[in-house]
Amino acid sequence: MTQGTNSGFKGGLKYVLHNRLVLIVGLLSILPLIVTQLFNVSSPDYVATILRSNSVAYGFADMSYGIGGLVSGLLMANILKKFKKKMITITLFGLVVLALIALFLGHQISLMYAASFLIGLANSSLRIVLNTILMTHIDGQFMGRATSLWNGLAQFIEIFASTYIGILNDSYGANYGFLCMAFIMAIGMFLTTAMSKNS
């Protein structure tokens, strides 16, 4: 690309669309962001209406999610050295899918704590892995525009997705919100298979 083509948002968008790996990984990177937002929408309703519990239980679940994120930061450096990023990504997406399905089917407070921990662990780990791939493969002059594109797209989708999940939860029950999130992360699993074998 020439300097003129590189400049501006249009140049950044063109760069992303013409780089298959960057496009796929960028799309994957917004899924944990969207699911985190939807999880925050569904969790209070789930605790109150499905588990019939109180704000203390919700606070512990929220804390469990945060602890999962902390553990992720401690573990991922070593895991990235030992395994291929593609395998790690598929495993983490699968872990979130299982945790969300468990929340859909099971109605125990202890399960909520365990699932929140696993989702926090896996979502934070996914962000680390996918950002590592993006930082390795994106040309430095496009990094800012590519990052703003993915974050902006995630926030735009979250506006409509959060509203939809809220309506769904009120109509059918908060556990159905978790089922929708599981479907979103399952898409991530299948999309990961489109990454190159050497990733």
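Cβ from N, Cα, C; glycine included.
Note that TrEMBL annotation is computational and uncurated.
Per TrEMBL, the features are:
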TRANSMEM  21-39  transmembrane segment
DOMAIN    21-199  domain 'Major facilitator superfamily (MFS) profile'
TRANSMEM  59-80  transmembrane segment
TRANSMEM  87-105  transmembrane segment
TRANSMEM  111-136  transmembrane segment
TRANSMEM  148-167  transmembrane segment
TRANSMEM  173-194  transmembrane segment
Which bits of the chain, at least 6 residues beyond where the transmembrane segment (59-80) starts or stops, bring a Cβ under 8 A of a Cβ in it? 39, 43, 47, 88, 112-114, 116-125, 128-129, 132
Take the C-beta pairs under 8 A between the transmembrane segment (148-167) and each of 21-39, 87-105, 173-194. Which stretch has the highest count? 21-39
Mind checking which residues reach the transmembrane segment (87-105)? Cβ under 8 Å, same chain, six or more beyond either end. 28, 31-32, 35, 46, 79-80, 111-112, 114-115, 118-119, 121-123, 125-126, 129-130, 175-176, 178-179, 181-182, 185-186, 188-189, 192-193, 195
Looking only at the domain 'Major facilitator superfamily (MFS) profile' (21-199), what is the model's average confidence as pLDDT? 90
